[in-house]
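Colleague: Mind looking over this structure? Questions follow.
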């Protein structure tokens, strides 16, 4: 987040409404841009298909494919995104920017291989069209690439280039859809599927081009690309935290999908429309708080955080350290309370307007009934996420991982229990799991901050321990040796 942090601080120093709006826009573009784009495309393409006379069954089929690709791409890349975020931060801190682009190629290669294997296993007994299989596998890979690229994009400073990439991608999706469906008279369903796949492909190319321009690229060397795998041994708990966080985010969907309340689309995809749609709109309430968190963290908390560690590690006496620590902790709690208040307001607005407008777009009955409790769950989930990120700021990886484990287990078990209760309890599994995890995470943060001097000074190793493990040995014994053998030959 280094790049965006400097840019946001510069904009907020201008102290004018225009610069405030621009700063929030920049933050939203980087932090929730890809997610918002996916949500926008799902709703827009759904509307276009209905207007052009496509059947409800076909539209539902299309939306299901997109939702599956969206959900599983996040789950597959969740651990990698957190891991690569730490790796990129280390590269920037150590002055090894030349390693950043190769690491992108390496991680993308690994993720795309996983995507290909999982999607082919998923379709092994499916009788759906081969074209649907091909396009959905490609789209899964593209979305995975976008989530990984988002980590690298967050450190870029050319926000107009990022905006142009989004707009060009969206433009290509809309234009290609209407050209195929309206002028060429191609199938509306396949036109929608192809256009989204094509638009994301264009966006990915533009993002890669921008990342290379920013970080530079040396002559291609595959051993440099896969040096990043050593991070799996260096930061294993970061990967586990990210993976469990995202699978925990969707595990309650999976419980409903494979229950008697779920239905099967084209004998392949399991869904629970009444729950999925309500949760889809409830998750929209997360976006404002994520933007606020990024802005407030980078512009208000981070300077205090940096000051504490500079004073602690370089030139401060005990009084300076105590003062810096007090300022940092008071700022952190102040910002956290502000975010909780804002999330409460946003959630309240969603609940009030959701009850009014959801029935008007055809979501009456059970989806509307469970919408409010899912919004409350989303509110708790968002604050829990913020605390996890704060703990990662302090390198409290074990605490962050414990929170992710607790949330995943509770969300799975409590949602399972609600299936055996009345329909009015649907959504309470997610809400109670998120609230319980939030309370636990807040307690862990309090305990951590009380002992922060210990973690800063006493818990650090006296000697640098050489990182070892399966992935380190794989890189040095196989990849590096293979490269040396090829040089000898």
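The backbone N, Cα and C atoms fix where each Cβ goes, and this holds for glycine too.
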Colleague: If TrEMBL is the reference, give me the range from 237-258, 303-324 marked as transmembrane segment.
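Modeller: Going through 237-258, 303-324 one by one, TrEMBL flags 237-258 as transmembrane segment.
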Colleague: Quickly jot the same-chain residues contacting the transmembrane segment (130-153) by Cβ under 8 Å, restricted to those at least six beyond its ends, or write none.
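Modeller: Those are 30, 33-34, 38, 65-66, 68-70, 72-74, 76-77, 80-81, 84-85, 88, 100, 104, 107-108, 111-112, 115-116, 119-120, 123, 162, 190, 193-194, 196-197, 200-201, 203-204, 207-208, 210-211, 215, in sequence order.
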Colleague: Would you mind listing the long-range same-chain contacts of the transmembrane segment (425-442), meaning Cβ under 8 Å and 6+ residues beyond its ends?
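Modeller: Counting only partners 6 or more residues beyond its ends, the transmembrane segment (425-442) has Cβ contacts under 8 Å with 252, 255-256, 275, 278-279, 366, 370, 373-374, 376-378, 380-381, 383-384, 387-388, 391, 399, 402-403, 406-407, 410-411, 413-418.
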Colleague: Find the member of 62-84, 190-208, 338-358, 370-394, 401-419 that has more C-beta pairs under 8 Å to the transmembrane segment (278-297) than any other listed stretch.
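Modeller: By the under-8 Å Cβ criterion, the transmembrane segment (278-297) pairs most with 370-394.
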Colleague: Contact between the transmembrane segment (62-84) and the transmembrane segment (237-258) is defined here as three or more C-beta pairs under 8 Å separated by at least 6 residues; is that satisfied?
Modeller: yes
